[in-house]
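Working notes for the structure below.
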Amino acid sequence: MHRFLFALDPEAAHGLALGLLALWSERGPLLEVPARLLRVEDPRLRVEAFGVSFPNPLGLAAGMDKDARALGAWWALGFGFAEVGTLTPRPQVGNPKPRLFRLVEDRALINRMGFNNRGAEEAARRLKRSRQRGLPLPIGVNLGKNRDTPLGRAAEDYLKALRLLEPFGDYFVLNVSSPNTPGLRALQEGPFLDELLARLRPATKKPLLLKVAPDLSPKALDEVLALAKKHRLQGLVAVNTTLAREGLKSPWAKEAGGLSGRPLKGRALEVLRHLAEGAEGLALVSVGGVETPLDLWERLKAGASLVQVYTGFVYGGPLFPRRLLLGLLRLMEAEGVSSLGELRRA
């Protein structure tokens, strides 16, 4: 099946796979047997972050299941949490196609999707239904603004989406760092970000996090850290996709959009280590270029409380979460580490 999907157009393959996973998710009893085979349940993997309990530190990054259609499947496949979105207050179709490209030679993707989603209201209905069914998977909700909303009114979009979705998420992420919505990254800059966080922080008692770009300078990252602390955010998600294109081999390398996957690995780890130096009181969620158990181990050791995957999962297939978590346990045993909290304190 994995090989068949790679023979299709990338967005068509994503739509087909997600549709099948959504059908599977709607049939709860059918999730139990594969979950017993695929999930790695071990108390050494448990994580407490921003007041939420996670069965393991490996999560599905935003973008894979924008509209919260396949939540049961992510649990059955072994993830410790899933982040839905990016969700905007109103539905939008996103950018023109083609807008998703596989860079197989680089184990990477380029996307310029443009926050295509069915809107916060429909996602809220799906999330409510999953909660009513007793889904045991912690869910993050990634929020954005509609493309046609001026930057000066961006906070209103984030507030509208947050109010619709607030009862159903375990934590919320403000996406101000996608390169595929014109002008959005300006919201990472001091005055815009200060105003945005001042509006959003009082609107929820749930954990609120900020997703940052990999292309920020150390000085800009320090400014983000300072504002996150000023407004009492619970954490940062680092990093989003990059505009950089150094060293790529694929013929798709010059396509516009955000690059994810293996080429982002070094920069994602560099940003994580920089943030960890000044992140007192903030939980860090690392994402970008995670492909192996050693990658997962390195992110946790560098200060991440949680780690997300997207492109690695696309290339690695349905057994990918299990392989990473079993490999992480082997590394913990080899190093004499009995819990992830102990690893981060090392």
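Yeah, the Cβs are placed from backbone N, Cα and C, and that goes for glycine too.
Here's what Swiss-Prot has on this protein:
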type	residues	note
BINDING	ALA62, GLY63, MET64, ASP65, LYS66, THR86, ASN142, ASN175, LYS211, VAL239, GLY261, GLY289, TYR310, THR311	FMN binding site
BINDING	LYS66, ASN111, ARG112, MET113, GLY114, PHE115, ASN175, ASN180, ASN240, THR241	substrate binding site
ACT_SITE	SER178	active site, nucleophile
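On the structure: features taken from Swiss-Prot.
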residue : record                   : Cβ contacts under 8 Å, 6 or more apart
ALA62   : FMN binding site         : GLU83, VAL84, GLY85, THR86, GLY140, ASN142, VAL173, ASN175, LYS211
MET64   : FMN binding site         : HIS14, LEU18, TYR310, PHE313
SER178  : active site, nucleophile : THR86, PHE115, GLY144, LEU184, ARG185, ASN240, THR241, GLY258
GLY261  : FMN binding site         : LEU103, ASP106, ARG107, ALA108, LEU109, GLY289, THR311, GLY312, TYR315
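When every Cα pair among ALA62, GLY63, MET64, ASP65, LYS66, THR86, ASN142, ASN175, LYS211, VAL239, GLY261, GLY289, TYR310, THR311 is compared, the largest distance found for this FMN site is 20 Å.
In this structure the C-alpha atoms belonging to LYS66 (FMN binding site) and ARG112 (substrate binding site) are separated by 14 Å. Taken residue by residue with DSSP, LYS211 (FMN binding site) is part of a strand.
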